[in-house]
Structure formats: C-alpha cells, structure tokens
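Colleague: Sharing a structure here in structure tokens format.
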Amino acid sequence: MTMPPVKYQRGDMVMGRWPGSSLYYEVKVLAFDSKSQLYTVIYKDGTELELKEQDIKSTAGFQPRSRSRSRSPGRRRSRSRSPARTTRRSSSRTAAAVAAAAITDSAVSSRRDTRLKDVEVMLSPVQQTKEAENNSNNRHEKKEEKQKEENNTANKVNETTEAEPEKNQGRYNLRRRKDDGDAKPAETRPEQLEEKEAKRVGALASTLSTPLDFGGKIGAYFWLLFLPAWVFFLVLQVNREDPSLTNFPPPLPPLEAFWDAQALGFVILWILFQALLYVTPMYSVLSLYLSLNTCLPPGFFAIVVSAITVAAAVHQGVDLTYIHSHFLQLATASLLISILLSVYLYIRSRYAAPEQLALGGNSGNVVYDFFKGHELNPRIKNFDLKFFCEMRPGLIGWCLINFAMALAEMKQHGLDAPSNSMILVNLFQLLYVVDGLWNEEAILTTMDLMHDGFGFMLAFGDLVWVPFTYTMQAYYLVSHPNPLSLPALAAIVILKLVGFYIFRKSNSEKNAFRRNPADPRLSHLKTIPTATGKSLLVSGWWGVVRHPNYLGDLLMALAWSLPCGFSHLLPWYYMIYFIILLVHRDSRDMSDCRRKYGSAWDEYCRTVRYRIIPRVY
C-alpha cells in the first residue's frame with residue numbers, strides 16, 4: 001500500500017494559521033507525522049506547534065499586512081527565566097500555554113527574527129487593512145523604527161523588569177495585564193484600532209487552553225476524592241500506637257468524630273485574623289518604629305505578630321494542645337472551608353473577563369476547571385485571594401500546629417521542655433517558613449502564581465494539605481518520641497544548614513538575574529541567548545545542575561525526617577511526596593522550555609547535563 005504524497009516537505013517556508021483565529025504567519029516545516037497527519041512547524045521565536053494540512057497554505061496568494069513590524073504569535077511578555085522556577089508545591093506550561101500567553105502579550109523582535117521572519121497576513125480574498133491604519137503607520141514609520149531600537153536595547157539591559165511585582169499601596173498586584181499594547185506610545189496604532197485589537201485578543205485567548213494535567217478530566221474526579229481521603233488517612237494512621245503500613249487500614253471513627261463546631265470556629269477565626277494582618281498597613285509603621293530603611297515584608301510582619309499573639313494567649317492560659325487532640329476535626333473544618341471557597345471561586349470565574357482566566361483551567365469541563373482553577377488571580381478590590389491563601393493562613397498555621405505539637409509532647413510525657421527531635425523539627429520548618437515570608441516577593445514568579453488558576457487544587461493545598469500533612473513529623477513525635485545522640489543531632493543540623501545555604505544562594509542568584517541581568521555583580525555568569533530575547537543561566541549555581549534550588553529543598557526535607565528515626569515510613573511521607581512532586585514538576589518544566597526556547601534549550605541541556613543531583617567524581 002503506497003502512502004499518499006506529503007504536500008509540504010521539511011524545510012519549506014509556508015503560511016500557518018494560528019489556532020482559533022484567521023491570522024496566518026510564516027512558519028518553517030520541521031516534520032510530518034504520518035499517523036496523526038499533522039505537520040510540526042516552528043515560528044520565528046522558536047514556538048513549535050502541530051497543524052493540520054488544511055491550516056497550512058503556500059505563500060502564494062497572500063498579501064503582507066502593511067505594518068512597519070509584524071507581531072509574532074509566540075511573542076510573550078515573559079520575564080527572563082533561569083533554567084528553573086521554584087514553587088513550594090505544584091504545578092511547566094506547554095506550547096499551548098506559551099501560545100495563549102503570547103496572544104495577550106507583545107514584545108520587541110530579537111536578532112533571531114531576522115533569520116526566520118514572519119509576516120502577518122490573511123487570505124487574499126479578504127480585505128487586508130484599513131486605509132486609516134496604513135496612513136497612520138506610514139506617518140509614524142520613522143518613529144516606530146527608533147522605538148524598536150530603543151526597545152531592543154532595553155530588552156537586553158533589563159530583560160526581567162516586566163516580571164517584577166507591581167505594588168499597590170504596599171500590596172502586590174498579580175492581575176494579568178490585558179495587553180502590552182496599552183502601554184505603548186499612542187503613535188504606534190490609532191486608539192480605536194487598539195481597543196478593537198484588545199477585544200479580539202481577549203476573545204481569542206478565551207478559546208485557548210493548555211493540555212490537561214493530572215490525568216485530565218477523569219483525573220480531576222480522582223484527585224477531588226483522593227486528596228481529602230489521603231489527608232484523613234495520614235491523620236488517623238500516624239496517631240495510632242503502631243502507625244506502620246502493615247497495620248492498615250486505620251479504624252474508621254464514627255462520622256460525628258469528624259465534626260466539631262468549635263474547631264470550625266477556631267479555623268475561621270484564624271483565617272480572619274490573618275486577613276486582618278494582610279490588609280493592615282501596620283508593617284510600614286513597625287518598620288518606621290524600628291528605624292529600618294525599607295518596610296518589613298508584610299508576610300514577615302504577619303508571622304511576627306502571630307507569634308506574639310499566640311505567646312500572649314498561652315500566657316493567659318489558652319490550651320493550645322487542643323490542636324493536637326482535635327487535629328482530625330480541624331482538618332475537616334479546613335476541608336469544608338476550602339470546598340466552599342472553591343465553589344465561590346468557580347462561580348465568580350464564570351463572570352470574569354476572558355483575559356483574567358487561567359489557560360490551564362479553561363478546558364470547558366466544569367469538574368476539571370473547578371479542580372484546576374478557572375480564574376488566574378481573583379481579587380476582591382485590592383485583596384488578592386490566591387496570594388493571601390498561598391502565603392498566610394496555611395503557611396503560618398503550619399508553624400502554629402508545630403508549636404502546639406511541642407506543647408502536647410511536653411504535656412503527654414510530663415516533660416519540662418520538648419525533646420531534641422521536636423525542637424529540630426520546629427526550628428527547621430520555622431526557618432523555612434520565615435525565609436519564604438521574608439522573600440515572599442519571589443513567589444510572584446512561581447508557577448502557582450503566574451500560570452495556575454485558583455481553584456480547588458490550590459485552595460485545598462493552601463488550607464488543608466500544607467498545615468495538616470507538612471506537620472506529620474511533629475504530629476508523629478508526640479506519640480512516638482525518638483531520642484537523638486549529640487553526634488546525630490549535629491549531623492542533622494549540618495545537613496539542614498547545607499541544604500538551606502544551597503536553596504537560598506541559588507534562589508537569590510536567580511532572582512537577582514531576573515531583576516537586572518546587566519548587574520555588574522553578575523557579569524561573571526555565562527548565559528545562552530534565546531529567540532524570545534531572554535537568556536538561560538549556564539554558570540554559577542545554575543551551571544552545576546538545572547535545579548540547584550530543588551537540591552537544597554531535598555536536603556532540607558531529609559533533615560526534617562531524620563529526627564523521626566527509621567522505625568516507621570509515615571514520618572518520611574514528606575520526603576517521598578517531595579521527590580514525586582519535583583520529578584513531575586521537572587518534566588512539565590522540560591516540556592515547556594523545549595517548546596518555548598527551541599534549539600537554545602537543547603544547547604542548554606547539553607551544557608548543563610544534570611537535572612537535580614550533580615555527579616560527584
């Protein structure tokens with residue numbers, strides 16, 4: 001059986017229709033898959049897509065739109081990124097995410113544009129451009145060329161300034177900008193045409209979505225049921241006299257044992273208290289009182305005030321061991337609040353503007369979008385719901401629960417002070433949280449904030465998963481103490497400090513490069529330029545492995561688990577979970593970067609061969 005001839009050959013320059021639109025761009029054919037009957041094409045900035053044959057046409061019969069410069073479909077307003085981004089939990093965008101973000105953003109052309117030049121066109125029977133647009137562009141052609149040169153220069157000197165968080169009265173602004181065209185000089189396009197273009201871009205972006213993660217639509221049903229069940233399993237199993245997995249399953253308590261109205265009130269009061277600290281400007285006043293040159297980070301201010309409040313409550317006789325004895329009921333109350341919050345978020349997302357939706361949660365399936373998050377950064381006036389939940393009640397609540405477990409250990413075993421193991425777990429995890437809150441601005445460039453919508457996945461993760469599973473080591477030590485010798489204690493402390501040093505130094509290097517790649521202090525760093533105008537770090541910490549921050553994270557996770565000993569597996573849950581998380585995140589990041597940076601990413605992978613663990617010779 002003879003195969004039908006392939007119409008377009010590898011290396012052909014053709015016109016490819018951008019998905020969901022009538023716009024055609026000049027692309028280069030890379031390959032043809034005979035099974036799927038799809039052509040793999042590449043745009044000038046390295047973005048690769050698979051197109052059907054009917055979406056590809058020869059360059060004959062097209063008229064170039066008379067603009068002094070054309071927009072690449074893959075040009076996005078992204079920050080300069082190092083080889084990896086870190087997040088505390090989840091969850092790399094694929095080509096569809098890059099493409100959809102590109103529709104809502106524009107940037108200047110890079111050097112590679114001249115080698116693979118595209119021309120935005122439409123089918124010749126359609127009227128190409130309006131006379132007013134042509135006249136406007138001709139009139140300002142010289143000005144545009146000058147602006148283009150200035151933008152190219154600015155793009156090299158300060159590649160990542162766009163990624164820097166915008167602040168509104170000391171508060172971070174995480175809303176996605178509708179279109180970078182709004183910030184361009186008025187002469188580039190007439191105002192009426194620009195408004196029309198913004199509406200077209202928003203409508204087009206609403207039709208795009210990234211490939212489905214976490215098992216797709218069926219996976220969403222699974223995770224909605226599995227995640228709460230897993231939290232309850234951990235809470236019930238770890239508190240048993242024999243928490244080994246061979247002693248499975250734990251006895252299921254009666255349904256009324258899961259509920260306590262006082263526990264619900266406690267959780268609501270805690271969230272409202274953190275919300276009050278989130279909106280108050282007192283952190284600025286405290287900085288002034290302490291004669292600091294800059295304002296204290298709001299997150300650091302929140303944990304300091306929370307610690308003072310908790311200490312005062314304990315001094316007044318409040319029994320915080322209630323948290324240990326009602327851990328199951330508190331987890332149930334937090335789950336209920338996360339579900340109600342997720343329902344509210346999904347309902348309000350149905351009325352959100354298209355440019356405010358998250359590409360990853362725009363599948364059209366109600367259950368999947370509810371799980372993944374339909375709206376990117378929902379806000380109530382200046383109150384950013386996602387940022388608040390990511391950084392405040394669950395993260396600071398993690399430290400509160402650990403402290404309560406230390407008090408419960410003292411009460412249960414008649415101790416005057418917590419055990420060395422409990423002290424290490426508390427101090428190690430407190431350092432991790434305080435560091436995150438002190439550098440909370442860095443979370444604005446993470447996957448959670450920049451790409452993932454705010455739905456059940458993040459709401460549950462922030463309010464239930466973090467405070468009730470990351471505290472497993474402390475919860476375990478209450479009923480299963482593990483004495484440590486001085487040499488073991490010293491070794492664990494050294495391991496923690498080494499991990500924290502790698503984690504902090506690598507992240508600081510990455511963030512400094514994002515803020516200002518031209519910083520003289522970074523002049524020794526080597527980079528690989530990409531077609532997007534951004535650069536990939538291939539020296540310093542990021543030249544040793546692709547994810548040095550992950551390496552530091554893993555060492556710290558190991559230090560958290562070692563104080564619990566090796567008698568049971570469950571205290572090592574966080575270490576196991578974190579390895580799975582990082583492997584999954586690394587695979588998503590690899591896929592996204594390969595599509596976004598093209599051949600530059602292949603060169604980067606050849607230069608920096610090891611992903612997380614360097615080879616020791």
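Backbone N, Cα and C define each Cβ position, glycine as well.
Note that this is a predicted model, so its numbers are computed, not measured.
According to TrEMBL, the protein has these features:
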- 6-64: domain 'Tudor' (DOMAIN)
- 55-96: region 'Disordered' (REGION)
- 66-91: compositional bias 'Basic residues' (COMPBIAS)
- 122-199: region 'Disordered' (REGION)
- 130-151: compositional bias 'Basic and acidic residues' (COMPBIAS)
- 177-199: compositional bias 'Basic and acidic residues' (COMPBIAS)
- 218-238: transmembrane segment (TRANSMEM)
- 258-279: transmembrane segment (TRANSMEM)
- 286-314: transmembrane segment (TRANSMEM)
- 326-347: transmembrane segment (TRANSMEM)
- 454-478: transmembrane segment (TRANSMEM)
- 484-503: transmembrane segment (TRANSMEM)
- 524-545: transmembrane segment (TRANSMEM)
- 557-583: transmembrane segment (TRANSMEM)
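So that I understand the layout, could you describe where these features sit and how close they are to other parts?
Modeller: Panel annotation: around the transmembrane segment (258-279), residues 232, 298, 301-302, 305-306, 309, 322, 326, 328-330, 332-334, 336-337, 382-383, 388, 392-393, 396-397, 400, 463 of the same chain, lying at least six beyond its termini, place a Cβ under 8 Å from a Cβ of the stretch.
With a threshold of 8 Å between CB atoms, the same-chain residues lying at least 6 positions outside the transmembrane segment (326-347) that come near it are 228, 231-232, 235-236, 239, 253, 257-260, 262-264, 266-268, 271, 366, 369-370, 373-375, 378, 385, 389, 454-456, 459-460, 462-464, 467-468, 475.
Tertiary proximity for the transmembrane segment (454-478) is limited to same-chain residues at least six positions away from its ends with a CB under 8 Å from its CB atoms, namely 88-91, 214, 223-224, 227-228, 231, 234-235, 238-239, 243, 271, 324, 327, 330-331, 334-335, 337-339, 341-342, 345-346, 358, 361, 369-378, 385-386, 389-390, 393-395, 397-398, 401-402, 405-406, 408-409, 412, 419, 421-422, 425-426, 429, 448, 560-561, 563-564, 568, 570-571, 573-574, 577.
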Colleague: What parts of the chain pack near the transmembrane segment (218-238), using Cβ distances under 8 Å and only residues at least 6 beyond its ends?
Modeller: 212, 248-253, 258, 327-328, 331, 335, 365, 367-368, 370-372, 456-457, 460, 464-465, 468-469, 472, 475-476, 479, 570-571, 573
Colleague: Mind looking up the mean pLDDT for the domain 'Tudor' (6-64) in the predicted model?
Modeller: 78
